[in-house]
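Here the structure comes first, spelled out in structure tokens, and everything after it is commentary.
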């Protein structure tokens, strides 16, 4: 018997997004205003200089997140359109959600939320954590599940950042601990809770093709070029920002070269693995964030970049298969290798740099380091001089523990929510396929496409 024609679908995704955008419009209409500068001429010139200083870096970060990260996720050959589109959707959704929460927490004065470019930038940093975390579950989740991840993760990130930066006084201008480590273990927690103890079989659509690897590598190159802006944008303008850019470039250059060496040595025929090159080349940028504006020698930046690249490549080669085999841990994009392991290395490097540099007063971070970026920068920077180097190094370690433990626990709870049937998780047969979410012209015109998979896709769209 032929299947009955599909009924009118219950469009959970557009309904939820429409309600969110409508509520946001109402909130902005009532509570949000622009943070107007003083009318004095000298203040106007100061604001203009600040805008010209921060906006080019802000544009670089936009290119990183929209184009670079989107293309990096296209290594799945039949899921590239979904990866780029969902990345773009999550960036905008998470940024707006973070603007609301940050505005109420930090910028609410006289009954209104005061908005400026700096607020938008820090909101995008909150969105970055979501974009990284969903890499662990890429291709095996519906858009509704991804939006739930964003809804849960943004407020947890803000609480984690407050605890790490404001309360503990951790120095992390480039987000090594607060962004990369946090988002990595949040994503792994979500993955573990969502997929449970069942080991996910290798899907036939997971295998990259030369074309998908090429697109992903282009994304890596874009991220590599603009990464110094991401690290340095919240540094104090001047010497600290200059130092952060130099350290980031050195670390990423070393990680790119070392990735080629490590990948070639690990392969029996000496050839390179595209996955190693796509991720290991960026590992130095992850690790350097915690020490980017510290008064460390250039060789330290090169060494940290090389070590992080080796850790990333070894993670892909040995640790990821081990975790999948022993813990049944699914990590689709290898976020633990790119963000987790280099992030831990960077946190350890920051503690060592503080202890070593404090022995030399001329190069001590006590006198030459800029405050941490973000809402609590002045608080953290102001307390630095009141504590010893040993205590500050312990605070760096404590911040790492809080980031890992808190994000992992929160991720497990969020992953449990994703198991709700109403969120329409795709079946294994329909994973990693753009045709489930987009009208693909080639497939629509192909004859004889009425297969069981298509019928199942129609049934799933009924629920989405």
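Even glycines carry a Cβ here, placed using N, Cα and C.
The compositional bias 'Polar residues' annotation in TrEMBL covers 443-452.
Summarising the annotation, TrEMBL assigns domain 'Ammonium transporter AmtB-like' to 24-421.
The annotation region 'Disordered' is assigned in TrEMBL to 443-464.
Feature annotation from TrEMBL assigns transmembrane segment to 12-34 (among others).
For 54-76 (among others), the entry in TrEMBL reads transmembrane segment.
Annotated transmembrane segment per TrEMBL: 88-108 (among others), in sequence order.
Residues or ranges marked as transmembrane segment in TrEMBL: 120-139 (among others). Long-range contacts of the transmembrane segment (120-139) within the same chain, counting only residues at least 6 positions beyond its ends with a Cβ under 8 Å from a Cβ of the stretch, are 54, 58, 61-62, 65, 69, 73, 76, 79, 82-83, 86-87, 90-91, 94-96, 98-99, 102, 145-146, 149-150, 153-154, 157-158, 175, 179-180, 182-184, 186-188, 190-191, 194, 203, 205-206, 233-234, 330-336, 339, 374-375, 411, 431-432.
Distant neighbours of the transmembrane segment (146-165): 13, 16-17, 86, 89-90, 93-94, 97-98, 101-102, 105, 126-127, 129-130, 133-134, 137, 172, 177-178, 182-183, 186, 190, 372, 374-377, 379-380, 399, 402-403, 406-407, 410, 413-414, 417-418, 423; these residues of the same chain sit at least 6 beyond its ends, with a Cβ under 8 Å from one of its Cβ atoms. Residues annotated as transmembrane segment in TrEMBL: 146-165 (among others).
Positions annotated as transmembrane segment by TrEMBL: 214-234 (among others). Listed by sequence, the residues of this chain that lie at least six past the ends of the transmembrane segment (214-234) yet keep a Cβ under 8 A from its Cβ atoms are 54, 56-58, 60-61, 63-64, 67-75, 80, 121, 173-175, 208, 241, 244-245, 248-249, 252, 256, 274, 277-279, 281-282, 285, 288-289, 292-293, 372-374, 377.
Per TrEMBL, transmembrane segment is recorded for 246-266 (among others).
If you look up TrEMBL, you'll see 299-319 (among others) marked as transmembrane segment. Long-range contacts of the transmembrane segment (299-319) within its own chain (CB-CB distance under 8 A, at least 6 residues past either end) are made by residues 246-248, 250-259, 262-263, 266, 273, 275-276, 279-281, 283-284, 286-288, 291, 334, 336-338, 341-342, 345-346, 349, 353.
Feature annotation from TrEMBL assigns transmembrane segment to 340-358 (among others). Through the fold, the transmembrane segment (340-358) approaches residues 171-172, 176-177, 180-181, 184-185, 188, 283-284, 286-291, 294-296, 300, 304, 307-308, 311-312, 315, 319, 364-366, 388-390, 392-394, 396-397, 399-400 of its own chain, all at least 6 residues removed from its boundaries and within a Cβ separation under 8 Å.
Summarising the annotation, TrEMBL assigns transmembrane segment to 397-418 (among others).
The transmembrane segment (88-108) shares more Cβ pairs under 8 Å with 12-34 than with any other stretch in the list 12-34, 54-76, 246-266, 397-418.
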